[in-house]
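Positions annotated as domain 'EngC GTPase' by TrEMBL: 100-249. TrEMBL lists Thr138, Lys139, Gly140, Asp141, Gly193, Arg194, Ser195, Gly196, Val197, Gly198, Lys199, Ser200, Ser201 with the feature GTP binding site. Annotated Zn(2+) binding site per TrEMBL: Cys274, Cys279, His281, Cys287, in sequence order. Residues annotated as compositional bias 'Basic and acidic residues' in TrEMBL: 317-332. The region 'Disordered' feature in TrEMBL is assigned to 317-351. Among the features that TrEMBL reports, compositional bias 'Basic residues' is placed at 333-351.
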Amino acid sequence: MAEDLRSEGGAEEGALRTGEVVKLDRGYPLVRFPDGERLRCEHATALVKGHDQRAVIGDVVAVSVPAAHDKGVIEAIAPRTREFVRKDPTERALPQVLAANFERVIVAQPVGEVNLRRLERELVLAFETGAAVTVVLTKGDLADEAATAAVREAVESLAGPATEVLVVSEADPASVEAVRRLLAPGTTTVLIGRSGVGKSSLVNMLVGTEVLEVGAVREGDGKGRHTTVSREIVAVPGAGRIVDMPGVRGLGLWDAEAGIEAAFPDVESLAEECRFRDCTHQGEPGCAVCAAVAAGALPRTRYDSYQALCREAADVRDRREQARRLNKDKAAYSKHYRKKGAGPSRGGRRR
Ligand code: GDP
Ligand code: ZN
C-alpha cells in the first residue's frame, strides 16, 4: 500500500508519516504525530474521488508532506476498529461517521433534565458501535438527593444492568474521579450528548485544566455567539484519552438493529417467548411483548419508543436499498448508452 502511495507522486520517498486525527479543524483533519507535532491536513484526491473516504476524529492515517505545501496530505486511512455512525442529517441515505477507533462511549445528560426518549436513541447509537457504554448524569449539584435517586433509577432501568450510571458534579471531585477510573490507559473514550449538558466541563475537570472552552457552543439560541469550537482528543493524566464529540445535534439512526437489541434487553428477552420467531410485536397472536404491555409489566412508553426506533431503522434501510437500486439502474443506463455511443455525456451525470 505504501509503495502505491509513493508512486502516486507528491510525496518524497519515505516521506509518509503515520499519525492520528485528533480534531477536525475548520473541516480539515488535524493530525497529531507520535512526536507531538500537529499538522493540518487535506485528503489525497484518490481518497475522496469515487469512494469519498474522509478521515474522522480517531482515524489513524498515513500523511505525506509535499515540499512547499503548508498542509499535509492524507494518503491512506487505516481500517477502523470501531465507528460512531449516524445518518447524515443532510442526505437521505448516507451514513456519517463521527468518530473512529475508541473503546468506550459516555452518554451525558444533566441529571435535572434527563430526556429519556433522547437517552434511548443515544444508547442505541452507542451500543451499535460495540464499545463499552456508560451513562454520566451531569450537574449533580442542581438536583436534590431524592430527585437524583429517582432519575438514577429510571435511567438504570432504561440502560440495563450491564451499563454503569454515574452522577457527576463540578462541586464533587470524587464524582469526577469515578469517571476517570473508567478511562483505562491506552484507550479512547467518546463523549456524546447535547450541547450544554456539561461535556466540556467534565473534560476540563478530568484533565485538570481548561482545555476546552466551557459554554462556547451555542446552538439555536437565535442571536448571540455562534462559535463552534471543534473538540480535540485530549489525554487525561494517568488515564486514557477522551474526546467531546462535536456536532451531534441530530442523531438519526443508521445501522441500528444490533444497537436496538442491546438498548432494549427487556423487550428482546420478552420477544424470545413470542409464538412467531419473526414476530413484530404489533398484535400477532401469542406475542409476549404485547402481553407484557397489556399486563403493565412493560411500560407502554417503552414499547412505543422501541417500535418507533425499529420503524426508523427499517425506514433508513429501505431508503438505502432504494438508493442502491437507483444507482444500479443509473449505472446500467449509462453503460447502455456508452455502448451505443450516445446518451448523456459523462459530464452531465450527477449523483
Ligand atoms: P457542553 O456544551 O456539553 O460542553 O457543556 P459545557 O461544559 O459548556 O457546560 C454548559 C454549562 O453548564 C456551563 O455554563 C457550565 O458552567 C455548566 N455546568 C457544567 N457542569 C456543571 C455542574 O456540574 N454543575 C453546574 N451547576 N453547572 C455545570
Ligand atoms: Zn411479539
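Glycine residues also receive a Cβ, built from the backbone N, Cα and C atoms like all the rest.
Feature map: annotations from TrEMBL on the structure.
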| residue | record | Cβ neighbours (10 Å) |
| --- | --- | --- |
| Thr138 | GTP binding site | 25 |
| Gly193 | GTP binding site | 23 |
| Ser195 | GTP binding site | 18 |
| Val197 | GTP binding site | 21 |
| Lys199 | GTP binding site | 27 |
| Ser201 | GTP binding site | 21 |
| Cys274 | Zn(2+) binding site | 19 |
| Cys279 | Zn(2+) binding site | 18 |
| His281 | Zn(2+) binding site | 22 |
| Cys287 | Zn(2+) binding site | 21 |
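A coil conformation is recorded for Cys279 (Zn(2+) binding site) in the three-state DSSP classification, outside any helix or strand. Taking the C-alpha atom of Thr138 (GTP binding site) as reference, the shortest distance to any of the binding-site residues Cys274, Cys279, His281, Cys287 belongs to His281. Taking the Cα atom of each, Cys287 (Zn(2+) binding site) and Gly193 (GTP binding site) are about 35 angstrom apart. Of the candidate binding-site residues, Gly193, Ser195, Val197, Lys199, Ser201, the one lying closest to Cys274 (Zn(2+) binding site) when CA atoms are compared is Gly193.
Gly193 (GTP binding site) sits 33 Å from Cys279 (Zn(2+) binding site), taking the Cα positions as reference.
Taking the Cα atom of each, Ser195 (GTP binding site) and His281 (Zn(2+) binding site) are about 35 angstrom apart. Same-chain residues at least 6 positions away in sequence with a Cβ under 8 Å from that of Gly140 (GTP binding site) are, in sequence order, Val111, Thr148, Val167, Val168, Ser169, Ala171, Asp172, Ser175.
According to its DSSP assignment, Thr138 (GTP binding site) is in a strand.
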